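Remarks on the structure that follows.
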Amino acid sequence: MKIYLVGGAVRDALLGLPVKDRDWVVVGSTPQEMLDAGYQQVGRDFPVFLHPQTHEEYALARTERKSGSGYTGFTCYAAPDVTLEDDLKRRDLTINALAQDDNGEIIDPYNGLGDLQNRLLRHVSPAFGEDPLRVLRVARFAARYAHLCFRIADETLALMREMTHAGELEHLTPERVWKETENALTTRNPQVFFQVLRDCGALRVLFPEIDALFGVPAPARWHPEIDTGIHTLMTLSMAAMLSPQVDVRFATLCHDLGKGLTPPELWPRHHGHGPAGVKLVEQLCQRLRVPNEIRDLARLVAEFHDLIHTFPMLNPKTIVKLFDSIDAWRKPQRVEQLALTSEADVRGRTGFESADYPQGRWLREAWEVAQSVPTKAVVEAGFKGVEIREELTRRRIAAVAGWKEQRCPKPE
């Protein structure tokens, strides 16, 4: 029996990045031998075991053979005669097909070290094309390592295009697509994930609502980048700088979906695109089974981001109604989330990357004023039933009006 550290732990250590999880491959052993050594078996389809002390995963070396469609149609073979090189060959990218023995020596049968040095994401073998999930994984790796200047090898991108055009991505379940997307949204450069999907044709298949934005013009006065698809990715990039939250980043990604519905004869204007985009947000989220909390914020951002841009022109009643509409009294975090997504929208434009966004500050200040109006005082004043809500709203509007007179500049 020989045990090797494999995959991401080896890769990230070589890149000087923190190692979160460690996976191990066991060569020359059997399930019974592992059980006798105190390991606990957890894999049903192939033998994976948990170490009795560390609880890290130890998998018997195995090979895989395509036996069906999609990413689940594989038959695994695990036996003592499967070599380390056999096991590494089934992996997706050369930088993930690295192993380290107990002496610290790196085993690199597929030039993963060279590709690490050259910052290249390259597939190990043609078997890459048998698993459509790998298209999303490569896009996610490209986003994860974009700050290190990694790029996808030309031949790998070509294979990803072939897989997409062959309809392989249609076998992916919504849950897996969302899981990869969610993971990509946590990276430093999530916009790269969607750009890679567009480069290989997968964006049109998996995210048609986003793909439809490319080629749709916006007024050059407000959008020097002109193309709404480009603006969307720029906005997502800015959101990633402003917030680590997946729901903020996803909502930013979806904020302009309504522009994809504008008839070409009305271009480059997109009047009413915010509310129009709500149904597309719902459509996308229902298809991918996006969690409700993430979906709900995306709907609100699509509907209200343009309203927040015009904050100085809003009367106090409209401002309080906005807080009602986003359910801020029960979910106050939404005020900050809308401020961040709206700021990302404004700064996600060519030449506006460092622009100030006072509307965000005013939104936050108005919220602090409105929510500081005490409900208890209304009740103690003798109001009952529906009158409490009406009086509380009246007092909130009055408080916001007083603040706006002092703090928020009047529109010219």
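Think of each number as a place in line: the chain as shown, counted from 1.
The backbone N, Cα and C atoms fix where each Cβ goes, and this holds for glycine too.
Copied from Swiss-Prot, the annotated features are:
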type	residues	note
BINDING	Gly8, Arg11, Arg91, Arg137, Arg140	ATP binding site
BINDING	Gly8, Arg11, Arg91, Arg137, Arg140	CTP binding site
BINDING	Asp21, Asp23	Mg(2+) binding site
DOMAIN	228-329	domain 'HD'
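Feature annotations (Swiss-Prot) mapped to structure.
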residue : record              : Cβ neighbours (10 Å)
Gly8    : ATP binding site    : 17
Arg11   : ATP binding site    : 22
Asp21   : Mg(2+) binding site : 10
Asp23   : Mg(2+) binding site : 16
Arg91   : ATP binding site    : 22
Arg137  : ATP binding site    : 20
Arg140  : ATP binding site    : 23
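The maximal spread of the CTP binding site, taken as the longest Cα to Cα distance among Gly8, Arg11, Arg91, Arg137, Arg140, is 16 Å. Cα separation, Gly8 (ATP binding site) to Asp21 (Mg(2+) binding site), rounded: 8 Å. For the recorded site, Asp21 (Mg(2+) binding site), the DSSP three-state label reads coil. Residue pair Asp21 (Mg(2+) binding site) / Arg140 (ATP binding site) shows a Cα separation of 18 Å.
In terms of DSSP helix, strand and coil, the domain 'HD' (228-329) has 78 helix, 0 strand, 24 coil. Arg11 (ATP binding site) sits 12 Å from Asp23 (Mg(2+) binding site), taking the CA atoms of both as reference points.
In space, Arg91 is the closest of the binding-site residues Arg91, Arg137, Arg140 to Asp23 (Mg(2+) binding site), judged by Cα positions. Here the domain 'HD' (228-329) returns a mean pLDDT of 96 for the predicted model. Arg91 (ATP binding site) falls outside any helix or strand according to DSSP and counts as coil.
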